[in-house]
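Worksheet for the structure shown next.
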Amino acid sequence: MSGAALGLEIVFVFFLALFLLHRYGDFKKQHRLVIIATLLAWYLCFLIVFILPLDVSTTIYNRCKLAVNSSPAESNGSFVTLAPSKQKCFKPWSYIPDGIMPIFWRVVYWTSQFLTWILLPFMQSYARSGGFSITGKIKTALIENAIYYGTYLLIFGAFLIYVAVNPNFNLQWNQLQTIGIAAANTWGLFLLVLLLGYGLVEIPRSHWNGAKRGYLLMKTYFKAAKLMTEKADAEENLEDIMEEVRKVSESIKYNHPLRKCVDTILKKCPTEYQERMGRNMDDYEDFDERQNSYPSEKSLAKLHKQVIYSVQRHRRTQVQWQILLEQAFYLEDVAKNESSATRQFVHTFHSQEPENKIIQYFYTPTVEWYWECLLRPWFYRVLAVVLATFSVIVVWSECTFFSTKPVLSLFAVFIQLAEKTYNYIYIEMACFLTIFFLSICVYSTVFRIRVFNYYYLASHHQTDAYSLLFSGMLFCRLTPPLCLNFLGLTHMDATISHKNTQPTAYTSIMGSMRVLSFIADGFYIYYPMLVVILCIATYFSLGTRCLNLLGFQQFMGDSEMTSDLIDEGKELIRREKRKRQRQEEGENRRREWKERYGNRDDSTRSRAVHTDQKESSFSETNANRPLSKYTRSNGRTERDRIELLQDAEPLDFNADSVNDDPLESDSGR
């Protein structure tokens with residue numbers, strides 16, 4: 001099994017990152033380089049989280065092996081007989097051979113740093129550029145990142161000059177490398193504590209509120225009202241941009257040098273707008289005949305950028321609106337079925353997507369009723385209590401992990417107890433659950449936050465390229481300090497434990513933070529305590545209240561604005577529900593009409609064909625008779641009447657269009 005666990009986790013994490021990226025990104029429409037870069041960033045960050053427990057167990061075994069080899073005998077200080085307490089050391093099932101982990105961590109870490117500081121920022125500017133050629137997009141990306149890269153080069157150059165001039169500093173290359181790593185980890189730890197303080201409170205609270213049906217339904221109404229406003233704004237913005245595109249398309253004709261740029265813009269427009277603009281084009285008008293002011297290539301690039309953004313935003317709001325409608329209808333169905341005496345879940349609308357037969361066989365209406373109306377609320381409550389317990393342990397350990405005598409960090413206590421018995425399965429499970437919970441708290445916050453319309457991770461393939469790349473940057477910057485914080489909580493970092501023991505392979509790659517003592521003994525120790533203040537602020541929703549005061553509507557139960565938006569969303573959902581009910585009733589009537597009169601129409605059609613053949617043969621044999629033309633004309637009249645009956649469509653009854661005034665109906669007749 002040596003190295004097999006490492007290989008299995010590498011494959012598993014790859015498919016996990018691919019699955020998440022497929023949920024948020026769009027493989028068909030987005031550029032391949034964007035997909036590959038984001039996938040690589042997510043994959044490396046998830047890989048660090050999953051592989052680090054194996055590094056911990058291997059390090060504990062190496063410490064045990066080192067202690068056994070250097071253990072003195074029980075008599076006369078000789079090394080002939082080993083101590084009995086040291087003979088319990090055995091190799092773990094997931095042991096990774098020496099020399100593999102340092103190379104692995106070095107490749108993973110420096111690749112992620114190259115992505116987050118150099119490649120992904122450049123690709124962000126490239127993806128948002130409105131240029132019409134690869135050269136133009138690269139030029140725009142370099143100009144936009146000149147200040148970004150120049151700032152880092154200026155700081156690094158000033159630091160090198162200071163070190164070279166000051167005789168008290170004699171830094172080598174390894175120390176400079178450690179200083180760079182410490183600077184990157186300091187920036188990441190600053191952001192890590194902010195996101196962690198929010199996730200430690202919000203994740204248990206969201207699961208606890210998930211057991212409240214009324215709460216979820218009210219919040220869905222609130223989201224519907226806000227999303228409708230955003231949807232209307234996106235439609236209006238798209239109309240304005242399409243009007244500008246139409247004017248540009250009419251002014252720049254086919255023989256203009258910039259017509260290729262206009263055609264590129266038109267390809268990014270929705271199909272209905274392309275058809276509308278294509279009908280109004282005059283192919284034979286020469287652009288030199290009129291002295292008009294034509295837009296420049298720079299203005300067309302700006303318009304191209306606006307078209308890409310507006311079309312993507314419009315499509316995202318449309319998809320999110322349909323998803324929110326399905327969620328609201330389902331929550332209303334749950335509220336109705338809670339008082340059902342038959343204990344069978346009844347849906348108001350049938351699912352538009354075909355269901356899996358296996359799931360449909362096991363997940364029957366009775367099973368669905370017991371799960372949705374009885375078991376699911378209790379499951380969410382129990383899960384919320386478990387998550388809240390983990391959050392309390394994390395907060396306590398973050399505030400006490402610097403204490404080594406006595407050991408107050410609960411995670412360190414768990415690991416040290418397992419280390420005494422060399423229970424590697426328990427060690428790996430404890431490490432995995434700890435770092436996995438920390439990662440969920442941090443990464444889920446990254447998926448939830450929204451910076452206006454510039455950064456927003458939307459599911460169902462609705463995330464734009466800029467947001468995907470930005471999430472990859474955040475993951476690569478947050479994961480290394482997250483792992484160092486985990487090693488500090490478990491006292492596997494020698495900087496925290498103050499023990500002269502063999503460090504983990506991951507810590508050895510990070511280097512000794514003793515080069516910067518004010519960071520190792522100050523910032524890394526005391527800054528994580530700030531998580532207590534952030535948890536308290538999140539618990540009392542201070543950030544939500546501040547945003548609400550600034551005019552950004554947030555869901556708050558005691559706010560009058562929230563109540564108004566809930567009522568507005570409820571009316572919107574009711575209107576959409578009536579609309580869908582009328583559509584389904586019309587489809588059902590058409591289906592019933594076809595089922596009732598379909599066979600009769602087929603038999604009538606067959607009889608008509610048989611009669612037509614008899615009449616045609618009769619007219620051929622009696623071609624000289626004067627009544628033959630009447631026979632043929634009657635046959636055509638009969639066929640026309642039958643075809644009219646066959647083409648008749650059932651009327652779609654609409655109660656809103658019926659006039660109840662009998663006088664007007666009589667005058668109409």
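Even glycines carry a Cβ here, placed using N, Cα and C.
A TrEMBL annotation is a machine prediction, not a hand-curated record.
Pulled from TrEMBL, these are the features on record:
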- 6-21: transmembrane segment (TRANSMEM)
- 33-52: transmembrane segment (TRANSMEM)
- 103-126: transmembrane segment (TRANSMEM)
- 146-165: transmembrane segment (TRANSMEM)
- 177-201: transmembrane segment (TRANSMEM)
- 224-251: coiled coil (COILED)
- 378-396: transmembrane segment (TRANSMEM)
- 425-446: transmembrane segment (TRANSMEM)
- 466-489: transmembrane segment (TRANSMEM)
- 523-542: transmembrane segment (TRANSMEM)
- 576-669: region 'Disordered' (REGION)
- 582-617: compositional bias 'Basic and acidic residues' (COMPBIAS)
- 618-634: compositional bias 'Polar residues' (COMPBIAS)
- 635-644: compositional bias 'Basic and acidic residues' (COMPBIAS)
- 658-669: compositional bias 'Acidic residues' (COMPBIAS)
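Within the chain carrying the transmembrane segment (466-489), a Cβ under 8 angstroms from the stretch's Cβ atoms is held by residues 21, 24-25, 30, 34-35, 37-38, 40-42, 44-45, 48-49, 52, 56, 109, 112-113, 115-116, 120-121, 123-124, 127-128, 181, 184-189, 191-192, 195, 394, 397-398, 401, 409, 411-412, 431, 434-435, 438-439, 442-443, 446-447, 454-458, 495-496, 504, 506-507, 510, 524, 528, all 6 or more beyond its ends. Beyond the ends of the transmembrane segment (103-126), by six or more residues, the same chain brings 6, 33-34, 37, 40-41, 44-45, 47-48, 51, 55, 137-138, 140-142, 144-145, 148, 152, 184, 466, 469-470, 472-473, 476-477, 479-480, 505-506, 509 to within a C-beta distance below 8 angstroms of the stretch. Against the transmembrane segment (425-446), stretch 177-201 has more CB pairs under 8 A than any other of 6-21, 33-52, 146-165, 177-201.
Below 8 angstroms of C-beta separation, residues 186, 189-190, 193-194, 196-198, 200-202, 205, 391, 394-395, 398-399, 401-402, 484-485, 488, 495-496, 513, 556 of the same chain, each at least six residues beyond the ends of the transmembrane segment (523-542), sit close to that stretch. Predicted-model confidence for the coiled coil (224-251) is 92, expressed as mean pLDDT.
Note on the transmembrane segment (33-52): residues 6, 9-10, 12-14, 16-18, 20-21, 25, 27, 104, 108-109, 111-112, 115-116, 119-120, 123, 127, 431-432, 435-436, 439, 465, 468-469, 471-473, 475-476, 478-480, 482-483, 486-487, 506 of its chain, located 6 or more positions outside it, place their CB under 8 angstroms from a CB of the stretch.
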